[in-house]
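Engineer: Below you'll find the structure I mean.
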Amino acid sequence: MSGNPAASAPRCRLGVNIDHVATIRNARGGAHPDPVRAAELALMAGADGITAHLREDRRHIRDEDVQRLRALDAALNLEMAATEEMLAIALELRPHAVCLVPEKREERTTEGGLDAAGQEEALRRFAEELGAAGSRLSLFIDPDERQVEAAARIGAPVVELHTGEYAEAALSTTPTRIQAAWDAIDRAAALGDRLGLEVHGGHGLTFQNVSNIAAIPAMRELNIGHFLVGEAVFMGLDDAIREMRRLIDDARTGMLV
Ligand SMILES: CC(=O)[C@@H](O)[C@H](O)COP(=O)(O)O
Ligand SMILES: NCC(=O)COP(=O)(O)O
């Protein structure tokens, strides 16, 4: 990763995704552990907001969870598919933010970004209706400049760049693959910033790989969940969030521009 130290940099927010607390709860069909209690703990530990993905198949987060999360005094970023069912839920709930995410029933986790360029007209309606309801629309897209340009045309104020390929590359320990994945995110982030979009990132971020993403100058928010819930098993949710917060802040302090 390249660049020059910046004297100071705008803060990069941390959104904690509590989906997989619900995964553990649903494993036994009861009410424990409660994802809303996890959200409250996350906020006390320094999370700037809470992200929850209400999937069409409700495999983890359920409708009653988002109702209770909405009642918290915190920024709720509701992730959802671009469907009429989910739009109706979002318009009724009016969360701080809505992030449109592609969903395939057979996928284990979110595999790719939303094809914004292939459905601009349909997504423009989501932007208009959600904007009118006071929810900030974000599009979860691959770090692809064509998708970023489409997001700007659609009128989404935010793009969340899918960091999954970078996270996978970092596990591969192939320097050229890691650099290529990071370069794509850096280029897409810089373009989004130039187009006046707020740039976020998420998917697969960990203690080991987050710093280089947090150091990207245009990055304003990172949404992180699966790793934090997993790490909470060993060090507790509070400490895991505080460590992630520290890594992000340290990366911004010494960030390269
Ligand atoms: C959009 C994204 O990357 C995450 O919110 C992810 O969807 C978490 O939920 P799953 O692990 O069920 O995909
Ligand atoms: N949009 C990304 C997110 O909310 C969390 O993704 P992950 O950290 O669970 O992979």
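Each Cβ is built from the backbone N, Cα and C atoms, and glycine gets one as well.
Sharing the feature lines straight out of TrEMBL:
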BINDING   N17, R28, G204, G225, H226  3-amino-2-oxopropyl phosphate binding site
BINDING   D19, H20, R55, H60, T109  1-deoxy-D-xylulose 5-phosphate binding site
ACT_SITE  H53  active site, proton acceptor
ACT_SITE  E79  active site, proton acceptor
SITE      E160  site 'Transition state stabilizer'
ACT_SITE  H203  active site, proton donor
Engineer: If you check the recorded positions R28, E160, G204 one by one, which have a CB less than 6 Å away from any atom of ligand 1?
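Structural biologist: Among the recorded positions listed, not one has its Cβ under 6 Å from ligand 1.
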Engineer: If you draw a 10 Å sphere on the Cβ of G204 (3-amino-2-oxopropyl phosphate binding site), how many other Cβ atoms land inside?
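Structural biologist: Other Cβ atoms within 10 Å of G204 (3-amino-2-oxopropyl phosphate binding site): 22.
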Engineer: Checking the spread of the 1-deoxy-D-xylulose 5-phosphate site as listed (D19, H20, R55, H60, T109): what is the longest Cα-Cα distance, in whole Å?
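Structural biologist: The span, Cα to Cα at its widest, is 12 Å.
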Engineer: Mind running the binding-site residues N17, R28, G225 against ligand 2 and keeping the ones whose CB falls under 6 Å of it?
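Structural biologist: Those binding-site residues that pass the cut-off, since their Cβ is under 6 Å from ligand 2, are N17, G225.
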Engineer: Once the DSSP letters are reduced so that anything not helix or strand counts as coil, what is R28 (3-amino-2-oxopropyl phosphate binding site)?
Structural biologist: coil
Engineer: Just to confirm: which same-chain residues, 6+ apart in sequence, have a Cβ under 8 Å from the Cβ of T109 (1-deoxy-D-xylulose 5-phosphate binding site)?
Structural biologist: H203, H226
Engineer: Using H60 (1-deoxy-D-xylulose 5-phosphate binding site) as the reference point, find which of the recorded positions N17, R28, H53, G225 has the shortest Cα-to-Cα distance to it.
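Structural biologist: Closest candidate to H60 (1-deoxy-D-xylulose 5-phosphate binding site), judged by Cα separation, is H53.
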Engineer: Would you mind pulling the longest C-alpha to C-alpha span across N17, R28, G204, G225, H226, which the record has binding 3-amino-2-oxopropyl phosphate, in angstrom?
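Structural biologist: So the binding residues stretch over 25 Å, Cα to Cα.
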Engineer: Measuring Cα to Cα, how many Å separate R55 (1-deoxy-D-xylulose 5-phosphate binding site) from E79 (active site, proton acceptor)?
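Structural biologist: For R55 (1-deoxy-D-xylulose 5-phosphate binding site) versus E79 (active site, proton acceptor), the Cα atoms are 8 Å apart.
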Engineer: Given the recorded positions R28, E79, G204, G225, tell me which ones have a C-alpha lying within 10 Å of the C-alpha of H20 (1-deoxy-D-xylulose 5-phosphate binding site).
Structural biologist: G225
Engineer: Between the Cα atoms of D19 (1-deoxy-D-xylulose 5-phosphate binding site) and H53 (active site, proton acceptor), find the distance and write it as a whole number of Å.
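Structural biologist: Between the alpha carbons of D19 (1-deoxy-D-xylulose 5-phosphate binding site) and H53 (active site, proton acceptor) there are 6 Å.
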